[in-house]
Amino acid sequence: MSKLTTGSFSIEDLESVQITINNIVGAAKEAAEKAEEELGPMGPTPFPTAATVRDWSFTLFDRYEPVYTPMCDQCCYCTFGPCNLEGNRRGACGLDMKGQAAREFFLRCITGCACHSAHGRHLLDHIISIFGEDMPINMGASNVIAPNIQLITGRQPKTLGDLKPIMEYVEEELGQLLATVHAGQEGAAIDYDNKAMLAGILDHVGMEVSDIAQVTALGFPKSDPEAPLVEVGMGTLDASKPVIIAIGHNVAGVTYIMDYMEDNNLTDKMEIGGLCCTAFDMTRYKREDRKPPYAKIVGTISKELKVVRSGIPDVIVIDEQCVRADLVEEGKKLKIPVIASNEKVMYGLPDRTNDDVDAIIEDIKTGKIPGCVMLDYEKLGELVPRLAMEMAPLREGISAIPSDEEMASLVAKCVACGECALACPEELDIPDAIQAAKEGDFTALDFLHDLCVGCRRCEQVCNKEIPILSVIDKAAQKAIAEEKGLVRAGRGQVSDAEIRAEGLNLVMGTTPGVIAIIGCANYPAGSKDVYRIAEEFLNRNYIVAVSGCSAMDIGMYKDADGKTLYERFPGRFERGNILNTGSCVSNSHISGTCHKVAAIFAGRNLSGNLAEIADYTLNRVGAVGLAWGAYSQKAAAIGTGCNMYGIPAVLGPHSGKYRRALIAKTYDENKWKVYDSRNGSELDIPPSPEFLITTAETWQEACVLLAKNCIRPSDNNMGRSIKLTHWIELSEKYLGVLPEDWWKFVRHEADLPLSRREELLKKLETEHGWEIDWKKKKIISGPKIKFDVSSQPTNLKRLCKEA
C-alpha cells in the first residue's frame, strides 16, 4: 500500500469550482428530521445546565421555600476559618449560614450523583468492552426505553454506544457543579439549591444509564411483573457449605464468580449471597427466563457487620458503595479474607491483579495477606470460589458470637454507665437490656436486634470494652436463624402497555396514588415500619413501587398465613400491586414511570422538555416517595431529582441531618394558584403537595402525609372522594384526629367520602359557614376552589393557549 503524504493546494486561480459537503450536511439534517419524527419536536432544555434549569427551579422555590437545618454554626472550608456563622454573621468569604447550609446539601447531592454516575460509567465501559457499542438496547416491550435520558437530553438511545455521550454530558456537568463548592464561588443559597436540583436530575440520568446497560447485556428481567421470587435473610444461608458474601452495588465482577460456579457445577456445593444492591443484581443475572435464582439476598447495609461477626462468610468480595470501611479489620479477627474488585474501594490491600491465582490463594491461606485487590474479572471469577472452598475447612467454628459462658461474663462487666445509649443513633436502651440479661432474661436484647442499625458506635464508647453488637446478636440467635423471607427480583422498567392501562386512573385519581418506598436502612424504629406502610397502602389499592434496601426489608415479614407481601400481591403497575424495580439504580424507572404517564397517556412531548413534564407530574400524577431510612448522599440525590420532577418525598426523622427541606406555606392562598392552559385564566388549587421534601417522626405520621400528598388539582370527583377517604381514615386511625384542613380540598359535594357525606356536610355548615341544601344534600356556596374536570392546571404561563 502506498504511503499517504500531506500537502496543500490553492483554488485561487480556478474558475467555476464547486465544493460540496452535501453528504455530511444532508446526513445530519436527515438524522435530525428522523429524530423529530420519532421523538417529537425538541423541547427548550436539551442537555440542561444550572442556568437553563433555573427558571423551573425558581418556580418550585416560589411555592416550596427552602428550610435549612444546619448541623453546626461553623464553616471549616478554608484556611480563613473556622468561621462562626451564628446570629446572621457572615464568614471571611462573605457566605452566611443559609448559603453554607445550602452548599452542604448541594455537596451531598453531587456526591450521590457522582457515585451513581461513576458506577454507570464503569459498568457501561465494561459491558461495551465485552458486547460492543452496537449491541441494541433491550428494556422489554416498550418504545419509551429511556425516559429520563430523553427528557433531560432529548435523545433516545438505541445501542449501548449511544449511552456514551449521555455519560459524557453528566460527567461534564458534575465537574461544573463541583467547581461551585470551592470557597469564593456561589454566594446565594437559592442558587446552591438550584444546582442541587440539577444534580438530582443528573443522578436519575446516571442511574438510568447503569440499569439500561446491565438489563440489556446481563440477562436481567425486562419489564417483567412476574420476575422470580428470591430468598432473603440471614437464615437462608446454609453455613455447612463454603459461603461467599458479596457487598456493594456494582455487580460487574460478581457475574464472573457466578459464571465460574455454574461452569464448574458449584451452585449446589457452595452458597453465594449478597448485601445491599449487588445482592439484588446477583439475583437478576440471567433470570429473564424466570428461573429461580440460586444467589440469595442476605440483607441491607445495617446487616453487614452482623453477617461478618456471625462467622458465616468464608470470603467477602466487595465492589463499591455502601460497604463498611472496617471490613478488612473485622475480617482479620475471624480469618475471613476480603477481595476488593473495584478501584473505588481498595482498603490498602495489595494489588494482585497480575499474579497467579494459585499464588494468591496460598498467600491468603497462610495468613501472609488478609485479602487483595483483584481487578481482572476473569481471575476474580476463579479466585473467589476456589478461595471459599479452601478457607471453609480452615475457618470451621470461628465466629465472633460469644458462647454461653462468654456471654454471662460479658454482660456481668456492664456497670450501666449509659454511654452506649448516648452514642446510639437510635437511642436504644442498651443498659437496661444488659441488666436484664445479667438476671438471665435475654428478651430485651433479642428485641434490640431488629432496631439496631449495626453501626457499632456503642462499642466504641464502652469503658468495659464489651462487644455490644455481638452480645445483641447472641441473644437473637433464634431470630436470626428464622430470618427467612421472599422478595421479588427486580422487574426493571414499567412497560408502555402498563402505562396505557393505568394512566387515566392515576391522573383522574381513581387509582389513589403511587407510593414509592425506596432508600436505605437507617430506620428510626426497626425495619418492620416499611412493611407496615407498604401493607397499609396495598390494602387501600394504591400502587406501591419499591427498590433497594427497603424492598429487601419489606420481604422479611409475613402475615398470619406465612406469606410475604410479594406473595400476596401481584407485581404489575396497577392499583393494589407491589412492584420491585430492582437495585438502587433502578430508582430511575420509578421517576421514569411518571414521565411515561405524561408522554404515553397525555401525549406530551418528552424530548428536552423538563419543565413541562415536571409541571404535568406536579399537577396531575399522584405520586409520593418515601425514603424512610435514608442515610446516604445517593439518597439525597435521588430525592432531590424527584423534587425537580414534581414528585414530593417524605423522609425519616434522621434525614433532618441533610440540612434542607422544601416546604410550602399552606395558609398563603397566593401560593396555591395556577394557570388554566386552555385560556390562561387563574385557578385556585388545594394545598397539595404541601412539600417537595420533608421529614416525619413516626411511620404513622408518614402514612398520613403520604395519603394527603397524593391529592392533585386534576382529580375528578370520584378520585378526590377516594383520596379524601384514605387521608381522613389514616389520620383518624393513626393520629386520632380529623385533619384540620380537610375542608380546603372539597370543591363539590361529590368530592366527599360517600359513607360520611352527611356528617362532613354538617361540619362544613357549622364550622366553616358553608351553605348547604339539605333536601338535595348539595353545597350551595362555600368552596373557594371551583370544580371543572376539563381544566388544565399548569404553573407555566408559556403553555397557555393565549401565550
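For all residues, glycine too, the Cβ spot is worked out from N, Cα and C.
Given the structure is predicted, the values throughout are model-derived calculations rather than measurements.
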Site-mate of C452, C455, C458 for [4Fe-4S] cluster 4 in Swiss-Prot, selected among C417, C424: C424
Which of C76, C322, C462, the listed binding-site residues, has fewest other Cβ atoms within 10 Å: C76
Outside the domain '4Fe-4S ferredoxin-type 1' (405-433), six or more residues from its ends: residues with CB under 8 Å to it: 444-445, 447-448, 451-453, 455, 457-464, 466-468, 471-472, 474-475, 522, 524-525, 654
Distant-in-sequence Cβ neighbours of C455 ([4Fe-4S] cluster 4 binding site), under 8 Å, six or more positions away: P425
Subset of binding-site residues (C72, H249, C452, C458, C520) lying within 10 A of C420 ([4Fe-4S] cluster 3 binding site), CA to CA, in sequence order: C458
Sorted by sequence, non-H249, C277, C322, C520, C549, C584 residues with Cβ within 8 Å of centre, [Ni-4Fe-4S] cluster: C276, T300, I301, Q321, G548, S583, S632, K634
Cα-Cα distance linking C83 ([4Fe-4S] cluster 2 binding site) and C76 ([4Fe-4S] cluster 1 binding site), given in Å to the nearest integer: 7
Coarse DSSP state, helix versus strand versus coil, of C277 ([Ni-4Fe-4S] cluster binding site): helix
Sparsest Cβ surroundings (other CB atoms within 10 Å) among the binding-site residues C93, C417, C452, C458, C584: C417
For C75 ([4Fe-4S] cluster 2 binding site), the number of other Cβ atoms found within 10 Å of its own Cβ: 26
